[in-house]
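Student: As annotated in TrEMBL:
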type     : residues  : note
DOMAIN   : A:111-325 : domain 'ABC transmembrane type-1'
REGION   : A:1-29    : region 'Disordered'
TRANSMEM : A:40-62   : transmembrane segment
TRANSMEM : A:115-136 : transmembrane segment
TRANSMEM : A:148-168 : transmembrane segment
TRANSMEM : A:195-218 : transmembrane segment
TRANSMEM : A:254-276 : transmembrane segment
TRANSMEM : A:304-325 : transmembrane segment
């Protein structure tokens with residue numbers, strides 16, 4: 001009986017390893033099967049997402065990486081004109097697109113501005129969000145009203161807000177310039193002067209970003225136990241000391257998450273720049289993402305390969321940032 | 001705390017004030033400053049949307065008038081609803097975003113549950129994948145996706161945009177759902193298992209109903225994401241009747257025309273329902289977000 005069972009197990013394991021793809025199954029007969037029987041429901045639950053991500057992110061990503069290694073553009077990709085089907089004629093060119101991008105001053109210019117944009121947007125919206133959150137966290141009349149008002153920019157779809165700002169910034173008749181003119185000042189071409197255009201896009205993005213920071217940080221503040229403040233006050237800590245040694249450490253986990261997320265979002269913030277200035281004037285407000293979009297959909301001939309190379313570079317930069325950021329957090333003792 | 005006995009040298013008025021002011025209270029000056037700052041911030045936050053609403057009620061020719069409404073008119077609204085393709089865009093957007101939300105929430109809920117409850121091989125890579133896909137720039141994916149959709153004949157089709165939006169919605173929703181499921185006691189699952197339910201039964205009959213607020217918020221989040229998406233919509237959809245709202249709105253004001261009156265009216269119609277729903281869901285939105293991100 002026992003012999004029979006073990007034989008059948010061995011047979012099953014043999015069949016398994018014959019079918020199984022890797023060395024692992026051979027080394028550990030039946031391991032895959034055992035894993036399958038304990039984990040099959042977990043795996044089947046995550047399967048849809050894995051498939052979705054694999055098919056509509058994995059495949060395009062792999063293809064994007066491949067395209068970045070070719071000289072594909074509008075004129076040589078596979079296309080159909082009327083009844084004529086023209087096959088693709090682009091070729092593999094190795095790392096040419098990357099060397100071209102990295103030796104081109106345009107890339108470094110755009111990268112520099114993207115970093116200025118990301119850092120100033122995140123820093124400003126985080127600081128202002130924190131200030132407003134600490135204010136709202138105190139006992140104050142009309143707290144509900146202030147909260148509602150301050151969160152409103154988040155509630156309006158971003159592209160609608162951006163158009164509103166364009167209305168306000170409008171050079172000839174916009175409200176800001178009317179007010180300036182009414183006060184006897186020179187009007188400012190908010191979106192058509194490179195310097196002012198940069199300030200304007202940052203201002204709009206900070207305006208859009210504060211509510212998220214505010215609400216997240218307010219949640220964090222409310223989870224700090226009040227006893228800590230009482231104890232500190234008993235020990236004679238000043239308001240600043242309490243803020244520095246209780247509030248800030250208490251907000252660590254929330255703020256590390258929101259800073260990471262909002263840095264990534266801001267780095268890739270397409271709609272604000274695209275809708276507010278279209279990257280102009282010239283390309284002065286063009287961040288990496290909008291420039292890559294311009295390469296593949298606006299310029300003629302559309303440079304698919306160049307755009308894909310830019311995309312891959314953006315992805316590498318962001319991954320690097322995320323890894324460094326996580327490592328820095330871990331060094332300070334964060335769990336995740 | 002601020003005992004008056006310890007400061008006998010102070011004048012009587014000061015003593016009186018200190019007696020009244022308890023812990024955590026402010027001097028009137030600080031109160032005024034606080035209110036003033038918050039008021040200014042609120043005005044800055046509220047003004048642009050408010051101005052949008054005001055402008056939408058002005059006649060087309062006075063869109064840039066600085067005064068509040070002189071000649072109140074609903075002309076912009078009737079123009080937008082009656083004489084432009086706005087209703088088509090609204091329909092397209094509702095279809096695309098609705099489908100994205102339903103499909104996205106369902107598959108991300110199962111994933112969130114699996115990641116929250118089971119320790120299985122491949123879990124950590126999956127978590128990483130969900131985080132990393134959030135930082136995929138539009139720029140890497142947009143061209144290959146464009147080509148992919150072109151080969152499949154899905155350009156200018158709502159379903160093409162649905163597929164695209166799933167790439168944005170699913171990773172984030174799965175992440176958020178995990179946070180919600182983490183908040184539901186495991187004992188409930190165990191009780192269900194003892195009573196003879198299989199893992200899917202536990203998920204479907206016990207945990208999912210309990211996570212209903214989480215589902216609502218996740219659904220709302222993916223709705224807003226799709227509603228406001230610009231890059232893919234501008235690239236994949238062409239032809240006036242195929243546009244979604246974000247693409248359509250751009251066609252009111254571009255280098256050729258600037259019909260600010262219609263733009264503002266359309267913008268108000270788009271923003272008001274979104275803002276109302278947002279007001280209802282907003283509190284849960286952030287708690288779910290931070291829960292999903294910090295507990296892992």
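Cβ coordinates are placed from backbone N, Cα and C, and glycine is handled just like the others.
TrEMBL labels come from automatic prediction, so no person has curated them.
Quick caveat, the model's predicted, so the values are computed rather than measured.
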Student: If you count every Cβ pair below 8 Å, which range out of A:40-62, A:115-136, A:148-168, A:254-276, A:304-325 shares the most with the transmembrane segment (A:195-218)?
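Tutor: Ranking A:40-62, A:115-136, A:148-168, A:254-276, A:304-325 by Cβ pairs under 8 Å to the transmembrane segment (A:195-218) puts A:115-136 first.
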Student: Take the transmembrane segment (A:40-62) and find every residue of the same chain, 6 or more past its ends, with a Cβ under 8 Å from one of its Cβ atoms.
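Tutor: For the transmembrane segment (A:40-62), there are no nonlocal Cβ contacts.
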Student: Could you give the residue numbers and ranges of same-chain residues that sit at least 6 residues beyond the transmembrane segment (A:254-276) on either side and whose C-beta is under 8 angstroms from one of its C-beta atoms?
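Tutor: Cβ under 8 Å, 6 or more out: 114, 117-118, 121-122, 125-126, 130, 158-159, 162-163, 165-166, 169, 191, 200-201, 204-205, 208-209, 212-213, 216-217, 219-220, 285-290, 293, 314, 317-318, 321-322, 325, 329, 334.
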